[in-house]
Amino acid sequence: MRRVKREERLPPVPPPAGLCPPLPGCAAAGRARSVEPLDEQGSLRGWHCPPALPRAGCLPRAPRCIMQCIRRQPKRTVSQENILLEQSRRVAALNGIRLGLKDDKDLKFLLKGSQLLKVKSSSWRKERFYKLQEDCKTIWQESKKVLRSPESQIFSIEDIRDVRSGHKTEGMEKYAKDVPEYRCFSIVFKDQRKNLDLIASSEDDANHWIAGLGKIIAHSNSMNQKQKLQHWIHTCLRKADKNKDNKMSLKELKDFLKEVNIEVDDYHAKKIFQHCDKSKTEALEDDEIEEFYKILTERKEIDSIFQMYSDPEGFMSCQNLVRFLYEIQQEEDAVVAAPALIQRYEPNERAKRGNAMTKDGFLMYLLSDEGNIFNPSHRKVYQDMTQPLSHYFVSSSHNTYLMEDQITGPSSTEAYIRALTKGCRCVELDCWDGPNSEPVIYHGYTLTSKILFSDVIKAIKNYAFKTSPYPVIISLENHCSVEQQKVMAQHMTTILQDMLLVAPVDGNKSQFPSPEQLKGKILVKGKKLSRHEDPSNGNNNLEAEDVSDEDEAAEIEDESVKTKVEQKGKSDTLKLAKELSDTVVYCKSVHFEGFDDPNHPRAFYEMSSFSESKALKLAQESGTSFIHHNIRHLSRIYPAGWRTDSSNYSPVELWNVGCQIVALNFQTAGTEMDVYQGRFQDNGFSGYVLKPEFLRDEQTKFNPKSITEGTWGTKKRLLLKIISGQQLPKVNKSKNSIVDPKVTIEIHGVQQDNNKKQTKVIENNGFNPNWNEEFTFDIEIPALALVRFVVEDFDMSTKNDFIGQYTLPFTSLKQGYRHIHLLTKNGDPYSSSTLFVYINIQDCD
């Protein structure tokens, strides 16, 4: 057989939805239908990508089971192939219009696809074909792995966090320096998936991919909830249409219902089907599918609310909308808000001209930001940012460089980028001597990988103020020799330049400057030479008491680490270079010797770091004293040494005594991180949240362990009704069953407020479960309380599967009928998964 030249080959085409039927003992069961050609070395390229047209160079003899699968498939005629191709084009065009990208050249390029070089290492660069699928929501990628499933070759655009041009990831920095930046780009994912580093064949191709993906992501993010729901359902409908005839048989309808997480028995499925099948053709098409869509997306719980305020013709007047907003939603500016909401969300032009709202407009309002449970005015900076730095909770990361555990996990500059873009304002650098006189960052005495100090400083410079303009604190855990300390100082001054704060700002010399005064500045936290030590005496490397803030590795309970620490011993006393000392202005690290003597207070800029166990002991035994300490000084808390798996502790008890820099492992998802992100989504996601007044008042007598009468705020009663859920996803794909959702409501705050209640389980319905269950919570200290909603898939025999959650400060709750837009375990929003609730807050007697 003639070897096919590279330029003669057609690009691979993503597999059609239909797959091979399972055959006994067939390793290819459920896989694609054809075999790819030989590559240039004559080896099998895999059979995942059946071509739309016949291709030369096919393998003359494939494994027998695969050939059986291929023979069993009915062969399409040329006309059938053309019809399918035309249908795909039409679907792609319609989805392009939905995204507002009609006839967009970048979108057309992505739909056609192109060859890209995938980069994994300096020795691994492979050419792969990438293509946007016609749903305009997923990317198909060619794979050479013979037994790889078709599903694993597809990733969703919703999973993309960022598309970066040039050498903007660690992989590109290391492995693609020889390629011009204008041909390089990287896809960064939201979850823990590795970055996808790609090289295009030309600058134009790279620009098409970067611009095209950017447009789709931007338009997808700007879609309202109803548009997202329509797009998702139409995608599921097309997926259920196995033979691609744009019709839906009864079997396809049942498959679709299972896909969207609804368990319907044969009788009810047939009843729905017959109701919609007006033409009696035993297949739904066009208007019949639309009728099915309307039945599926009906929201009876919202219809009943709308009917209470609408007229018999189905219109809610502006006056009645004002009543609803004022009486139910507790909106103080209802008179101003009502006409604006009609103009913003009402799709019916007749209703809009009559200054009224239809049921569709009402639903769009309730699904919008204005109908969200989180107060939209708190999405921007609204707090006083002119208070001293010590008066704020500060979003802070522990072992920021780690992507996984603290013993063998990888270190990466990407971890710093992710933390900073999540609003983190204090990052940790664990610094050690490296080869070639270049300091490195890693978890000392362990097998975690190492990254260059200079690369981390570059990443901090590039991403420090992408999310928030307020100051970033670099927390140095310094284990370096004097020579490499000088290199650290040089890197910070030359890379950060004007960003690095090297002198006090004008103002009060007895307290911290404010976040407002420090906007755009990077502060260094570390050891500093004492004032009486004069470096002009010729000794520029005067010894400090202890160069390292806290040697956290010495606390790790892993035996291999303990042995290395013991071997190192206490004899190695590190000296502090003046150059590094000079970079520390406001965050001088000192050992905690006890709370201040009122007659001889320490300098305000002296701060201490505490392990979680020591900090919790102080909080429990000396809560009020700790609060007074944290009014004037900064306190940094870090996880216990036994948390080698990078697990987290609850930050709430330490916030309750005013600790500002409560550092968590950002790489580890879970309840603690959910609560953390919930706290810091307040105040415009700026990374700084103003502490309640009773944690800033020097005369305060507040003690979270024993609540007494005081100026802590009015006790509140939260009346909460969990009404329904919408499009709850099946996260555990290994289970065959439909989701059985239940909701847990948690209160996190002072000890008296901590509480948890849960709904009943709704069996076999993740699409539109209804609970209609009411709960009551009494909140002693509302200013410190957070509310967490957790949705799980109940399992009687094993641990429940986490579906989604949402956490917010009690003070950010909006009242009335509200939607809760659920987040994934990593804190990213689902496109259309929500809870519908009713909230009422009252003063307690």
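For all residues, glycine too, the Cβ spot is worked out from N, Cα and C.
Remember, predicted model here, so these are calculated numbers, not experimental data.
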Record-annotated Ca(2+) 3 site (TrEMBL): member among ASN399, ASN436, ASN462 besides GLU428, ASP430, GLU477: ASN399
Binding-site annotation, TrEMBL, Ca(2+) 4: partner of ILE738, ASP740 in ASN754, ASN755, ASN764: ASN764
Separation of alpha carbons, HIS443 (active site) and LYS118 (substrate binding site) (Å): 30
Residues flanking the Ca(2+) 4 site, with Cβ no more than 8 Å from the Cβ centroid of ILE738, ASP740, ASN764 and excluding those residues themselves: ASN261, GLU263, SER737, VAL739, ILE762, GLU763, ASN765, GLY766
Candidate nearest ASP740 (Ca(2+) 4 binding site) in space, where candidates are the recorded positions TYR130, THR138, GLU142, HIS398 and distance is Cα-Cα: THR138
Distance from ASP793 (Ca(2+) 5 binding site) back to ASN764 (Ca(2+) 4 binding site), taken between C-alpha atoms, in Å: 10
Cα-nearest neighbour of THR138 (substrate binding site) within the listed recorded positions, HIS398, GLU428, HIS443, ASP793, ASP795: ASP793
Close recorded positions near ASN399 (Ca(2+) 3 binding site), where close means Cα within 10 Å, chosen from SER122, TYR130, GLU134, GLU142, HIS443, ILE738: HIS443
Candidates LYS126, HIS398: member of the recorded positions with the richest Cβ shell (10 Å): HIS398
Chain-internal residues, separated by at least six, CB under 8 A from ASP793 (Ca(2+) 5 binding site): LYS730, VAL731, ASN732, LYS735, VAL739, ASP740, PRO741, GLY766, ASN800, ASP801, ILE803
